[in-house]
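Novice: So TrEMBL lists the following for this protein:
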TRANSMEM  55-74  transmembrane segment
DOMAIN    57-527  domain 'Major facilitator superfamily (MFS) profile'
TRANSMEM  94-111  transmembrane segment
TRANSMEM  123-140  transmembrane segment
TRANSMEM  146-167  transmembrane segment
TRANSMEM  179-203  transmembrane segment
TRANSMEM  209-232  transmembrane segment
TRANSMEM  318-342  transmembrane segment
TRANSMEM  362-385  transmembrane segment
TRANSMEM  406-426  transmembrane segment
TRANSMEM  438-459  transmembrane segment
TRANSMEM  471-493  transmembrane segment
TRANSMEM  499-523  transmembrane segment
Amino acid sequence: MTEGYVYAPGTVHLVDVDNILDVKKQEGKNKNIILNPQPSNNPNDPLRWSQRKKYFQFGLLWFWGFMLAVSANFSGPAYDPWIADLHTSYGDLNVAAALLFLFLGLGCLFLQPTAMKLGRRFVYLLCTVLVMLAMVVGGVGKNVSYIQGSYILIGFAAAPVDSLVEISSTDVFFQHERSTAFALMILALYAGSNLGPVAAGFIVDAMKWQWLFWIQLFIYAGLIVIQFFLMFDTTFYRDHEEEDKLEAEIISVVMSHDSMALSHGKEKGNGQIDEVVSHSSESVDGNIKKRTYKDSLRLIETEYSDPRPWYVIFLRPFLLISFPAVAWSGLTYGAQIMWLELMSVTQSLVFSDEPYNFSPNGVGLTNLAPFVGCIIGMLYGGNYVDWLSVRLAKKNHGIFEPEMRLNAMWLPLITNAGGILAYGLGCNAGVHWALPVVLGYGCLGFSMASSGAICLTYAVDSYHKVGSEALVIILLFRNLIGMAFCFAIDPWLQGCGLVVMTWLMFMLSVVINGSYVVMLIWGKQMRLWTADRYHKISNPHFGEFWKRSK
């Protein structure tokens, strides 16, 4: 029964168990899943796009994100050639990696509000131009400063891969599809991170290292043409007040139905009620012009963009630091970058030396293991978690709580800790490469992909009206952690040795990933504590220094 049920921010009625609600629902197999958010009657609403159009646009975005991830992480096999040709050191190259993470974070802060005001398409095209410039800077490099400058541009250009692509996913997919969409985009991030070094290893072996940059430049030159003519803008500002009213109506109707069923001593579903929610959104407003293909090619989107001032969108993420669900997601997702950097920074150092003596392409091939792990992790953290959430919501009388997704965090906790031990201790002992690579890298790939999808989706589900801002602050956390780790790993490794560092990172992973239990038990209570602040901050006019003219 839902009578007397406590609703917190993020609590939604996801499944119409008794089939009493006249709202837009999932078509096909799961016909009782309520579409959240409900599609509007605007013909230009991306939620109304056909499945084919949604998947095609998502596929373009996936490949774009994959390529930017390649550019940000391809360099592992190139470290030794760079050290020889540019007369530099691992320390200087780690500074380049740290700068990349710094500008990933800064890019999130500046590009996210720009995308909200000027459109997603504009930012994606701009970032493609910036990364092409980065390839030129790197390709003509004469010393390590060129590499560092290239990494600064790559970091800024790749920032939307961390935050904006997830918002673009929520533009076209519904809540019950969200984990799958997020997991696929995280797969693009980690697939690029893992396959980039594989390709780089072969290129360095067969050609000069400069071709690492030129080949990517050629790919981006073709990609920007495809983007310009085929990538459409998903920007569509939604009225959250209407969404809240609809959810309140749904709750009222379901509670009335439960009360009637209880008073008549009948099973739920047998009672009849006069009140229904009518929001099926089947009709399209004929007064709104549907966009033509030519309209879709506009660089700047202002018709459906966020009406808030740019500075308000820029500053609002910092207000969410005190929200436990956001802070926890930022810390947990940020920790995953430590394991990624552990592999990226140490792989050339470990596998090109005794007892492995891998060639550059051999070092690159070790990244196939985390790539396979990421694919499995995507299926677990995406498809499985979406299925699990719907199943648990049905058991909860159709009511979904964001913490339901956290029930799947136990497996990433185990694989993360086990992967760190297999990699660090295995390499130190000089065991056969299969243990640190297949088991160590593979488990780390699985845990990074699955836990990342769970963390990001949990934060957005908890505070969906400020989902964009939540992602920005989460990714700022992650990139600051990544930057600090780049500076820390070399002296940490030199001072403690691989064995001690491995055990310390093992304990960190257990504590950080294991903290999901706290959110699983008390997460809803924390959302209730922050309800007043959430409703205040999510008000579109909150934080404005002056009133907008009507």
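Glycine too: its Cβ is placed from the backbone N, Cα and C atoms.
Can you tell me where each of these features sits in this structure?
Specialist: Here the transmembrane segment (55-74) has Cβ contacts under 8 Å with residues 49, 100, 104, 124, 127-128, 131, 134-135, 154-155, 157-158, 160-161, 165, 168-169, 172-173, 181, 184-185, 188-197, 199-200, 212, 216, 219-220, 223, 226-227, 230-232, 234, 340, 344 of the same chain, all six or more residues outside its ends.
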Novice: Look over the recorded stretches 123-140, 179-203, 471-493, 499-523 and say which has the most C-beta pairs under 8 A to the transmembrane segment (362-385).
Specialist: 179-203
Novice: Give residue numbers and ranges for long-range contacts of the transmembrane segment (179-203): same chain, 6 or more residues beyond its ends, CB-CB under 8 A.
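Specialist: Residues 58, 61-63, 65-78, 161-162, 165-166, 169-170, 173, 209, 211-212, 215, 340, 344, 347, 359-365, 367-368, 370-371, 374-375, 377-379, 381-383, 385-386, 389, 405, 445, 448-450, 452-454, 456-457 contact the transmembrane segment (179-203) from elsewhere in the chain.
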Novice: Can you tell me which parts of the same chain pack against the transmembrane segment (123-140), counting only residues 6+ beyond its ends and a CB-CB cutoff under 8 A?
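Specialist: Same-chain contacts beyond the ends: 61, 64, 68, 71, 111, 114-115, 146-147, 149-154, 156-160, 164, 210, 212-214, 216-217, 220-221, 223-224, 227-228, 231, 299.
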Novice: Answer with yes or no whether the transmembrane segment (471-493) touches the transmembrane segment (146-167) by the criterion of at least three Cβ pairs under 8 A, sequence separation 6 or more.
Specialist: yes
Novice: Within this structure, do the transmembrane segment (499-523) and the transmembrane segment (406-426) have 3 or more Cβ pairs under 8 angstroms, counting pairs 6 or more apart in sequence?
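Specialist: When sequence-distant Cβ pairs are counted, the transmembrane segment (499-523) touches the transmembrane segment (406-426), since at least 3 lie under 8 Å.
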Novice: What else in the chain is close to the transmembrane segment (471-493), if you only count residues 6 or more beyond its ends and a Cβ gap under 8 Å?
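Specialist: Beyond its ends, the transmembrane segment (471-493) has Cβ neighbours at 90-91, 94-95, 97-99, 101-102, 104-105, 108-109, 112, 159, 162-163, 166-167, 317-318, 320-321, 326, 329-331, 333-338, 340-342, 345-346, 455-456, 459-460, 501.
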Novice: Quick test of the contact rule: Cβ under 8 Å, at least six residues beyond the ends. What residues does that give for the transmembrane segment (318-342)?
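Specialist: Here the qualifying positions are 10, 73, 97, 101, 190, 193, 402, 416, 419-420, 423, 444, 447-448, 451-452, 455-456, 458-459, 462-463, 466, 469-470, 473-482, 485-486, 489, 505, 508-509, 512-513, 515-516, 518-519, 523, 526-527, 529-530, 533-534, 537, 543.
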Novice: The transmembrane segment (438-459): which same-chain residues, six or more beyond its ends, come within Cβ distance under 8 Å?
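Specialist: Same-chain contacts beyond the ends: 166, 178-179, 182-183, 186-187, 189-190, 194, 325-326, 328-330, 332-333, 336, 339-340, 343, 366-367, 369-378, 380-382, 385, 402-403, 405-406, 408-409, 411-413, 415-416, 418-424, 426, 467, 470-471, 474, 513, 519.
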